[in-house]
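K.L.:
A single structure is presented below for examination.
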Amino acid sequence: MIRVAVTGCAGNMGSKIIKTVQAQDNMEVVMGIEMPNSPLAGNDLGQQIGLGPMGVEIIGSQDLKTELEKVKPDVLVDFTIAKAAVETVKICAECGVNVVVGTTGLNDEQLDVMHKAIKDNDIKAVISPNMATGVNVFFEIVGQVAKILGNEYDVEIVEAHHHNKQDAPSGTAKRAAEIVAENLNLDLKEKACYGREGMVGKRPENEIGIHAVRGGDIVGDHTVMFCGDGERIEVIHRASTRQAFVNGVIRAINYQSSKQDKNIADMFDVLGL
């Protein structure tokens, strides 16, 4: 059995991950972690998320290192916020616990800190801004279209999410922009345009527009537009429920347990893309 720990265990994503892990024949949840000094600490995890008693107590993250050393999970799954995720990965690395990270909003410096901890302690990590299988196929298609069309088409990326999402643009939109830039041999830091306002003038050559919409309960919509003279190609992915991301997490855990042969992998590795 693969022993799984989950951060943000009482939240929307955390609870869905736990319920799905518990439904697998080869996995079990052995730890649930909430924010430091959480009032939920000590509660039975299963009862908290509506599964019934599991015999696993929720812990506050201030006790993470101690509990990891005691419980010894095989992997910790993190869908929280960037700052917390970095500290969690560092602690997991010190304790020899592998990680699957779907947290978004991580900047380059935070990713560098994560990568160093993972490599220095020789653990395995699957890190992706979007774990959904369909989104990663979407990434692959976006890259192929960019490569075929070249620099003659203007590229605009539009993402939409629920009004509670904290970071913008989404990690998925940023990754799509990176893929476009890589395939067009562009420096994204120079060519990215995050929204427009006022008299911005003519669109600069090779600019990559990135736009964020927030409203209601939108789970996640992403559109990459390749706009040419007289025609437009749109590559679209829409997530209707968070289960799409959870299913990807299960794939990542299984891949890490049986096939992963390097310290840091992403969902392209998991899916063989």
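Every residue gets a Cβ built from N, Cα and C, even glycine.
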K.L.:
Kindly point out which candidate in Glu28, Glu34, Glu152, Glu156 is recorded by Swiss-Prot as part of the NAD(+) site with Gly8, Cys9, Ala10, Gly11, Asn12, Met13, Gly102, Thr103, Thr104, Ser128, Pro129, Asn130, Met131.
P.N.:
Glu34
K.L.:
Can you tell me how many other Cβ atoms are located within 10 Å of the Cβ belonging to His161 (active site, proton donor/acceptor)?
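P.N.:
Around His161 (active site, proton donor/acceptor), other Cβ atoms within 10 Å: 26.
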K.L.:
Can you check what DSSP calls His161 (active site, proton donor/acceptor), collapsed to helix, strand or coil?
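P.N.:
Assignment for His161 (active site, proton donor/acceptor) reads strand.
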K.L.:
With DSSP assignments reduced to helix, strand and coil, which class does Glu34 (NAD(+) binding site) get?
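P.N.:
Looking at the DSSP assignment, Glu34 (NAD(+) binding site) belongs to a strand.
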